[in-house]
Each structure stands twice: as C-alpha cells, then as structure tokens.
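Trainee: Below is one structure. I have some questions about it.
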Amino acid sequence: MGHSKQIRILLLNEMEKLEKTLFRLEQGYELQFRLGPTLQGKAVTVYTNYPFPGETFNREKFRSLDWENPTEREDDSDKYCKLNLQQSGSFQYYFLQGNEKSGGGYIVVDPILRVGADNHVLPLDCVTLQTFLAKCLGPFDEWESRLRVAKESGYNMIHFTPLQTLGLSRSCYSLANQLELNPDFSRPNRKYTWNDVGQLVEKLKKEWNVICITDVVYNHTAANSKWIQEHPECAYNLVNSPHLKPAWVLDRALWRFSCDVAEGKYKEKGIPALIENDHHMNSIRKIIWEDIFPKLKLWEFFQVDVNKAVEQFRRLLTQENRRVTKSDPNQHLTIIQDPEYRRFGCTVDMNIALTTFIPHDKGPAAIEECCNWFHKRMEELNSEKHRLINYHQEQAVNCLLGNVFYERLAGHGPKLGPVTRKHPLVTRYFTFPFEEIDFSMEESMIHLPNKACFLMAHNGWVMGDDPLRNFAEPGSEVYLRRELICWGDSVKLRYGNKPEDCPYLWAHMKKYTEITATYFQGVRLDNCHSTPLHVAEYMLDAARNLQPNLYVVAELFTGSEDLDNVFVTRLGISSLIREAMSAYNSHEEGRLVYRYGGEPVGSFVQPCLRPLMPAIAHALFMDITHDNECPIVHRSAYDALPSTTIVSMACCASGSTRGYDELVPHQISVVSEERFYTKWNPEALPSNTGEVNFQSGIIAARCAISKLHQELGAKGFIQVYVDQVDEDIVAVTRHSPSIHQSVVAVSRTAFRNPKTSFYSKEVPQMCIPGKIEEVVLEARTIERNTKPYRKDENSINGTPDITVEIREHIQLNESKIVKQAGVATKGPNEYIQEIEFENLSPGSVIIFRVSLDPHAQVAVGILRNHLTQFSPHFKSGSLAVDNADPILKIPFASLASRLTLAELNQILYRCESEEKEDGGGCYDIPNWSALKYAGLQGLMSVLAEIRPKNDLGHPFCNNLRSGDWMIDYVSNRLISRSGTIAEVGKWLQAMFFYLKQIPRYLIPCYFDAILIGAYTTLLDTAWKQMSSFVQNGSTFVKHLSLGSVQLCGVGKFPSLPILSPALMDVPYRLNEITKEKEQCCVSLAAGLPHFSSGIFRCWGRDTFIALRGILLITGRYVEARNIILAFAGTLRHGLIPNLLGEGIYARYNCRDAVWWWLQCIQDYCKMVPNGLDILKCPVSRMYPTDDSAPLPAGTLDQPLFEVIQEAMQKHMQGIQFRERNAGPQIDRNMKDEGFNITAGVDEETGFVYGGNRFNCGTWMDKMGESDRARNRGIPATPRDGSAVEIVGLSKSAVRWLLELSKKNIFPYHEVTVKRHGKAIKVSYDEWNRKIQDNFEKLFHVSEDPSDLNEKHPNLVHKRGIYKDSYGASSPWCDYQLRPNFTIAMVVAPELFTTEKAWKALEIAEKKLLGPLGMKTLDPDDMVYCGIYDNALDNDNYNLAKGFNYHQGPEWLWPIGYFLRAKLYFSRLMGPETTAKTIVLVKNVLSRHYVHLERSPWKGLPELTNENAQYCPFSCETQAWSIATILETLYDL
C-alpha cells in the first residue's frame, strides 16, 4: 500500500495483438511489462520505440528492454522490464518469443500543458476551448479585441481554423498556400507574418493563461493552389491514377448534362432548371439511363477487343514450333485489366488460352473450331464486365439522385435553387483547367500525359466507408459509383507510402507542420479519419520534435470504438472531440456526461501499483462544434445555458464555438461567412451589433461555468453522478474523494421552445445529501425589452432580446430559484437537504456546493488520518485529533507484529465448519452467497473482484450501505477471542466507530481502505515469520506460503493427540470451560471445506505428503516437529493411522502413511538446523502394544528413533490384523474381507507389499458405493501388491537409516524378525541392496518385447514406462500407466537409470500431464473417465457414485512430483534438456499461479476434471496440492 509512485503493469500474453486497445498513461508513471501465464519460462524480449532519456524519438528505432528479477532466483515469475514515462506521444511495443513476433500494441502518453508567467500546469480535464473561424477575426491588429471575448468568457484555450491563405471557395479548410499567412489579415500599409502570430500566441499564454491551437489539413489543397499546378504528381490525376479515367469520362458527361439543364435544353423532356418534385427526379434517372450511359459505353474501358484477341490466338495456334509455357491448371481465363484504361485495351493470358482450348489436330477446321470456342469465351467475359459496370452505374444513379434530393428538395438541405454553372446538378469530381471543347476531343485528353496530369480528383468523404482504406487508390470504385460526397474546391493529395514516393508533397507538408508547431501548442487534425495514418504519424513526429508536449485533438467519424482506437493509439491523439449536439434529448446528454469521464461517486481507492486497463479516449466535449447546425434552430435559444452547464460538468475537457454564447441564431458557415466577430466592450449596449460584454447572450453565465469547470478539474473532483430528475431536468454531481465536497448542477433543459411548447409548472423536489454551503451560481434565461434580432451586415451578431440573469456565491436563503430547503436525516448519520423549487423555468440552472455535515466531515478526516499509515493517498483531507480511542495510537503494524501464525489463521481464514466449532459461521450476504472464510480473506476475495471494476452495485456493497451488520461482524468476531486477536478486533472496532458516522454511500470505499490496509499488514507479518525462501521469494511463492497459515490452525477442540509432557516448548492455553491448562498444537487440515474440522480434519497420509511444503519449506519447524511426534504416538501394528480421529478413533487401514511419515522425519532432519535432535525427542505412546487401550500422555515415553525402528521391524516381520469395530459402524461400504489388513516385505526383492482386492490402502482409495451399479464394497483401485510409490518411499527410508546407522546416529543396523521360530537379522544394507537390485528389473516395462523379466508380456500396452505396482491380485493393474512412479523418482532417484527414467517421464508428459494436475490414469485405458461426479448414481459400474475418482480426473499433488522428477533427471541429461525443462516447469506452474490468484479460497484444489474443468466435489484448497507446488518452486 505504501507506494506513492504510479505504476501500471501490462501483462504480455502469447499472440495477443492489442493494436486496437487504447492504453493511456501520464508522464511520471512507470510502466512495467510482465509475462502472462502463456509466456512464463519462455525466452521473451520486449522491444519499444520509446526513446532513451535525452534521445529524440524515432518511430522506426526500436530497442530491447532489460528484464529485472526482484527475487534473483530461477523462479522469475515476478520479473519485469519497465519504462519511466517522461515524454508525450504514441509509442509502440512488441515482443518476440525466441525470434518470432508474438504480440504488441501501443501506449499513449498524455502531454503536459503549461500556461501563465509562472508556467503552471493546465490539466487536460480543465481545458475550456473556444473555436474561432480565423477569417472572421478581421485584420490582425483587431484580433486581440475580438479574442478578448474568449478570455472574458472564461475560456483557457482558443482553437483557430487554419490561418493560411484560403482558396477560391473561401472555405476555412481549403488552403491555397499551406506556408503563407492569410494576406487578408494584413493592412495595405502593414504586412503581418508568422512571427507576429507567434508573439500574440505567446502573449495570450503568458498574460491571459490561454493556450492556442490550430488545425492542420493534410488531405487536400485548394484546387487553385499554385504549387499543385507546378507539382501535379501530388494529386490523384489521370497519369498517376489511370484507374480514374472511366470515372472522369462519366463526370464530364454529367457536367455537360448539368450545363444543358441549366440552359433549359431538357425542359421538354421534363427537367427544368429548377428541380422541384419526384417527377423531375424520375426524368433525370430516365435521361441518364437512356441517353448518357449508352453513349458513354463505360464498359469498354474494362473489356477486350474480341476480334483482335481471336486473331492473336489464331496466329499462336498456327505458329510452327511454338512453346507453351506451362500454366497452373487451377487458373482460369480471366480479363487482365489494361493498366492505362484504354477502351478495349484489356487482354487475356494467352498461355492459359492455349492450354484451355486445344485443337484435336493441326488441320484448319480444328483450328477454326478452337478459335470459335475462344471467341465465345471472350464474348462471355466481356458480358461479365458489362454486367459489372451496369451494377456500378445503378449505384452511381442512386447516389447522384440522393445528392440532388439533398441539395434541392430536402427540408434540412441547402435548397440551392435552379441548376446553374455555379450550382451544377451535381458537384464535379475532377478539375478541368482547360477551355471546353467537343466531348470526344475532351476524352482524347485522358491519354495525353501533358494534359491528363492536370485532370485531378477532388477530395470529399464516403459515408460508411472503411477509414483505413484510401478511396482514391486502385481497387476502389468510389469515383465511378459516385459515392463521394465531394468538396469541389479541394484536390485530394496523393502521398504514396513513403516520402520517396512524392518528395515535394512530403517536404511541403512537413514544412507546413513545422511552422504550425513552432507557434502553436496544439493541433486539431482536420478530417482525421480520412488522413492516411502513416502520413499523420510522420507529420506529428515532426511537430512533436519541435513541441514535445503537443496537444493533439481530432474528430473521428469511424462509427466504431475499435477503429477510433487505431487512430488514437497510432497518432497519440490527446483528446477526441465529442459533440453534445448528437444528443436527441436531455437524458442522452446526461448519459454522454457520464460516458466521457470520471468515476462513480464513492468509488474504491485503487492501489498505486495496478494492472494497466484499456481506456476510452480522453474527451473534448463540445456543446457545439463549427460543423454543427445551429442549436437555436435545432432546439431553442433557451437551451444554450442548461446544455452548456451539463457539458461543463463532465469530468473531461470541454469546449464551444464562437457565436454560441452570443446566441447567434444561424450556423456560422465555414465557407460563406465573411463578416467579422464582435469585439469586447464592457460599456456596450445590447443594441450595439458590433460589440459584446457580460450583458450579451449567456456570456456572464459562461464565465462562471468555465471557472467552475476549471476548479473542479484542478481540485480533483473526479467522481461523477448523473441524475435524470425528470424528462427535462438533469442534475450532475462532481465529487472530490479526498475532501468529500460535491458540486451539484441542476439544469432544466429547453430542447423545445418554451414559448411554443408545454412545460410543467410542477418541478419535482430534490434531495441533496449533505450540507449546502452555498449556491455557486443560479442563472435563468430571460427575455429583455430590446429590438429583435436583425442580421448585421458587418458583424456576426447574436440575439439581443434574450440574455441571462445570474447571481453567484449566494446563500441558499437568498436564492430566487429555490422556494425552501428543509433538513432531513436518513439514518443516524446521513443529512439530506430537501429542495423545493419555484423558479426553475426552462433554460435555468442552479449549482450548489455541498459538504458532508460537520460531524461526518470530522469522522472522515480522522479515518483518513489513521489510514495514512497504509498509504500516503489519504494525507489530503486527514484530521488528527487527541481524543481518539487509545488503541488507534498504536500503529497497526506494531499490533500485528505480536501475532503468531496460528493467530493469523484465525484472523485471516477459517471456513464455515471450522468457525462452527466455535459457535460462529461465515458471513452470509443476502441475495448473493456466504463468504468463503470468516476471517479477512473472505472479505478481501470479494473486494479484490469488485474493487478494480468499481462495482458499487454489487450485493456486497449494498449490504454495507444498508446497515452495520458486516462491519460489526468483522470486529466482534475477533474481540470475542483472547489476547492479541482481540486487540486487533478492538483496533478495527475503533476505526469502524468513525466509519459508521460517514454517509452510507462512502462506507464501501472506506471499509475497503481499512481492511486492505490491515490485511496487507497482516500478510507482511505472516511472511516475516517464515523462512528466508519465502521472505525473499516471488509473489507466487509468498501467496502459496499463505496456504500454511490457511490450513494450519488450532480449533476449539485439539485435533492432535497430546504430546509428551517431557517435550519442551509445546504451546499451551487455558481451556475456556475447565479453565485448566491444555496443549494447543497446530494441526494441518487436509483440505477446505470438506476436511477442516472434527475427526475429519487430520489424515496421516495427507499430513505427511503436505508437511514438507506447508511447514518445513516455510520454516515452521516447531509445528512440523509436534505433528511428527503426535502421529508417532499413535503408531500401532507398525502403521501410522490415515484418519487420525485424535488417536482414539484412528483407523489403521492405509499402507502408505507410515512411509510418508518416515520421509517427513528424514526431510526434517535434513532441512531443520540441528534437525537430527528430533530422533531423541520423547514420544508419548498411546498404544505401546498393538492391543493396548489408549494410554494418557506421559504414561509411556519413547525416543522417536525407537518408534521408527518398531515400524521397520513390524513391516519386515509382516503385519496382519483385523480392523477394530470392523463393520458398517466404521465403514458402511466395505465388504467384510476389506477389514483384514496385511502388509510385509518380500524376502526376495525387499519390496514392501500388502492389501487385498477388497481394500484400498494407498492414496487411490475410492471404495465403491453404488448398489445400482453393483460396485458397493469393491475398491476402484485396490493397488494391492507392491505399489510403486511405497517401494520408492521405503527405499528412501531404508537408505537413510543405513546412512545414519553407519554414522551411529541411529542405533540400529538391522531389523530382527522371527521366521519359522528362529530370529533372523536383516541388515539395512541388505534390504537396501535388494530393492536396488530388483526395482528396475521388475518395475520397468522394457522396450524389448522379448524381455525375460516380463511375467505377463500379453498385458503390456505401453512400453518404456514404469509399472504402477508389482504383484497385484489383478495382474493387468500392474501395467496401468499412472503418475505414481514419479514419486519414487523424487524420493529414491537412485532406483532409476537416467535414460529410462527420462523416456517414462516423456510418456507421462504426453499422456498424463493436464493444465493443473496429472491424469490419474492413462486416457488410452478402457476404464479411463476424466470427469468425477460423486452424485451420479446410474448403472455404469465404472462411474456410479464417483467410482472413477482415481481413474482419470486430474489430481494436483502428483504434478509436483512429476515436475520435480523432470527437473532432477533433466540435470543429468545435460544443460540443453535442463533449459527446456525449466521452461516447461515455469509454464505449467504459471497456470497454478493464475488459479491461485483467481480463487476466492486463495488455494489450489484437490483435483479438477479433465483438462482442468472445475470439479464441484473437490476441496477448493488442499494442503498437499499447495505443498507439492511449493516444493517444485523450492527445487527450481
């Protein structure tokens, strides 16, 4: 929690291409690239074009980033490479896996804008922009007086349309010379230059705190640009783009048709010059189809001259010794387009023709027949082209008529009037700078390069087109199909793919860009969606070179967020223009406010180190852009104020266009407007059309609203709530999460004119939570008594008879809009002000500043003060007081440091059944579910899901807001315990005392902040008490190690038998009932939730498979010792019980637990400092003889080494007994024979054996339970005989005891047994040798079919594996491929030949390795089934009642042994194999890491169904699963 630097983590995943994902970051952030699960362990290199500090950015120059591994260990799951972001723009990254590109994307870093003499930062969310049409500013020396209107209206950014020389059309966006300042700005006696502009821009920045940006137009130039005539190659002309010739021919024909219509030549045919109705439209369609198209014969440009082709074909057929180039048989005869687009200029591939049409002999008749077939095919191909062009012509007519309808008939169109040469029927698509001559002679020009190069295509836009496709390039038929909405004043520019393709154009536009970037701090990319991306990239790179913090804005009309993101990410667009005018009602306008910025009110505090999430582009939300229709016409003049207020309350940049605030009642045309803007004059009268001031339009209100917008952005009011009060009233709240102040703007929109539409007099009451400090602004749109609007000839004047009446910073009781305000309470700590309105007429706004009530404000301040110990984020708004609860004066970390790991188990974990033993339970959230744990982890698992998504509507948050139940549960549960646990509870209770005093909507956020602070501190406390392996380990290791805290605890009733009173440092406690001292040793739960409490908590086998990973590797040596000794006390018949049942209810029905116990003693001795001392520790024997009644602790103590010897002796002697209380009372499924337990050691082989076909004494212990399927009482996997892992474990034990006995540490060198009445000694040396000599001979299935050691060659179905058992009662079971041999490989690797072992491991990898676990049976086995369903009871013998528990489902714990075996033997195979194996291990383990992170139990399951599908019958977190994965990481 303690980070203050903002760090974002980007996880890299294999083949993940994120080019359409927007990642936005700020300068000063650190970006870390980390490997996702699919890349763990692989050799990955990250490249980026983000430059080294101090270097200039070069888009093409990539560098690799160095990996940093915080743990400096082989387990590098935490490794990362990083960028410290100090430069704005768009930067690319990609990564290679080996030498192959595996994924990549872009990051966009925001610019930092600075203004004022002191160069202070202007945050992007504070931007208030106003657009000016540059040509309406008049002579340059008058600009300041006109621009002052923006300053006085509170704007801090001015956007100028282009300042360059305009083309003939006088459109602001049709530039004749990109390098020259518009001469209109100069006086006859004074020529102004770019330097003058630069000085003004600098003055505005320094003195007015106003930033200036301007447009860059890269797509087109004015048709009369001098330079385009000198460099026609810069345009799409008929020389460099001959594919446009047919379109040009059509365009000329339509122009001539238009001229004839204008001259009345078609009046007789039903087309007058003034097009007025559908009849005229139909006549146009008829003339084009019947008259124009047939004459043009456009299809001829796409056809073959058939006679010519046939003659060529005939010549080739009759040629002597002609060579036919072999052609692809799949190629068919098609027309090859003539690249010069001449009529009948197309051809076909004669090679294909010659192999398609083959004469049957060389005679003239055969050749003639062939030519006829060829002729017929040519006619067919030409017909296909005719049909295609006809299809294009249909579209062309439809588009043309649509255009005519819009321009001349549509109500919303410009109604151009009669067809004239100035206003033709349709806009021309091409320039024609020559005198008009006869049409056929004009057409001949297209083939004369010196003429054709000046026939250039105009620019425009295509509705619904793919913006990433250039519509003027070959392959596009836009010009022919008349789909272009054309700008007849501009020529489209043709850049090609790189500067070398058109050097003059690239150099000219680069110079234009550099002039712009020299004088302006930002640019607006005009027509961005049609600008070739590579061109815009190149130009913006040049601009950023001069202006590193370039502010780039653009408007995109792609219609797709994904496509928008392509432009934003590639170009590094800072803000996308969004239009409020797109909203059709107030509800939609409010939705846009919520969409374009801010987070919900009461949001969770996000950590400084967190994943990098995809973003939506930062918005520049405009109430109107210069392209929009006039809102006064579209809506009403009364809506200007409320809509502006709504837009300004958005948590993003906001903007407007000059004329809106003055209420100009028409659109100010970028083409035809030639009047000048009004000037600022504080004294001007409303009747003065050339000057404005605060009395004009909504300027006074705009000033107040702009200042408020900037204040909210600067002071961190980043949370937003939008309330649709009724169909016209929208209330927008901006909230500061640090000082908990809100600003609430209530706007009554007027989308319909109040004079002509009905608005209700009744306005709903509003409830505003908190205390209203002031009315920031109240404003009403009113009429005043002045002359109505008349359009002025010289100035762009607004509506004089409508203005606003405003009052700022007044008290609530002074308001004229609020009738009365009452105070109500909602619950004990929620103050609400009920507002009743009386004058909130359409076109009015009222803005309140609201604080928490003083009581809640203090409570929040105190909470923030105590939370600063966890994060500096809470410093702002914190309040220190002296009278807080004394416990809060203790830093939480020092309180936590007193806790033991057993106490942390109670605070953090404990599932339902554990908690029930204490009379409690897990917290249940109504209408959702119960938490997984009663401790803090239960809450944190849910919060970790909902915090990053800010899911405040989750039932968890609803429960917190509805009442204090969960809050009290958390603290009371701990206070009811004793010692430091209760102290932690009291600390939480003291924090919750203040939490309960704040408004309910803030409770989820602060509850989370308190808990995450406490929780992370408690985790640190846990790790500090563990081994250095954990403390210095990766996040994965640390999170796995918490399994030790999760599964090891002390219940109300002790689970372990009582240890010898002679043993030192055993933990004790006072019994709550008897008040007597009792032992309270930690026991290890086998798994949660099923094996967690009562007699089913502790199992010998599970405990000792898990003990090394859960307790020894984590450094919990005393707990490990106590568990080893407690189980030692229960030894009986030479066996350790499986079900422990406190020793009294123990069942001695498993053959393997004793060997796992011995393995753990060996591990303890090797891993723990002075570990061998355990051998002398006293063991309190519960059953000194096999038939003793259970003795109280301390009655008979023995050193551990004697107990070990007894176990070895009993096995060599042979074990045979019947379980006590045999029958349904201890096992309702077992058949009678199953209760007979046998075990022993084979005299020949030294192998431990045991069991019968009615019991299952190994870990694969499923007993049939179904009467219906007739498998009740039959074990699914008896594994009788010598199970491979038991042989391996016994070999490990014997070898170890032999080593100790040689050093006289273990006092016994042999075991003594009675055979035929005689005492026989078997030395450990001999026993060890027997196993060594026989293991591979009898367990390995040779690849040689004639191997004499193979007793049942007919049962072999996989060679090169190790058997699962030897000597089973059903011999075929020996030959099943299961993962158990890998256990033997780890504990007794000396039994295996490296090459054979490696082969077997490769087979296991191919057949058994699953995503999380190992298949428990070969999928090729006939009884394999990978899905375990214990509830299913059917007739299927192999499945019913979960009979296939170990016949396929993927168990997790064996995967640890498989991976450890792979690691061990790979090191013997050589460095190359080792490297590959490490990659495999890391890759497999990464899936466990992902599961662990995502699991609400924060554990690894017992098993999964096949392919890692969830198994509902599995424990959610299992001790041995966690343990063996930790052991693998330890081995790594």
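Using N, Cα and C of the backbone, Cβ positions are placed for all residues, glycine too.
Quick caveat, the model's predicted, so the values are computed rather than measured.
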Trainee: Based on the annotations in Swiss-Prot, which residue of SER64, SER560, SER687 is described as phosphoserine?
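Mentor: Among SER64, SER560, SER687, the one Swiss-Prot marks as phosphoserine is SER64.
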Trainee: Using Cβ-Cβ distances, find the residues under 8 Å from ASP526 (active site) that belong to the same chain and are at least 6 apart in sequence, listing them in sequence order.
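Mentor: Long-range Cβ contacts: PRO162, TYR173, ASP215, VAL216, VAL217, TYR218, ASN219.
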Trainee: For a quick check of packing: other C-beta atoms within 10 Å of the C-beta of HIS529 (active site), how many?
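Mentor: That number is 20.
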Trainee: Taking only the Cα atoms, work out how far ASP627 (active site) lies from SER64 (phosphoserine), in Å, as a whole number.
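Mentor: Computed Cα spacing between ASP627 (active site) and SER64 (phosphoserine) is 45 Å.
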Trainee: Taking the Cβ of ASP627 (active site) as centre, how many other Cβ atoms lie within 10 Å?
Mentor: 15
Trainee: What three-state secondary structure does DSSP assign to HIS529 (active site)?
Mentor: helix
Trainee: Could you tell me the C-alpha distance between HIS529 (active site) and SER64 (phosphoserine) in angstrom, no decimals?
Mentor: 32
Trainee: Give the three-state DSSP assignment (helix, strand or coil) for SER64 (phosphoserine).
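Mentor: Its secondary structure by DSSP: strand.
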Trainee: Please list residues from the chain of SER64 (phosphoserine) whose Cβ is under 8 angstroms from its Cβ, counting only those at least six apart in sequence.
Mentor: THR45, VAL46, TYR47
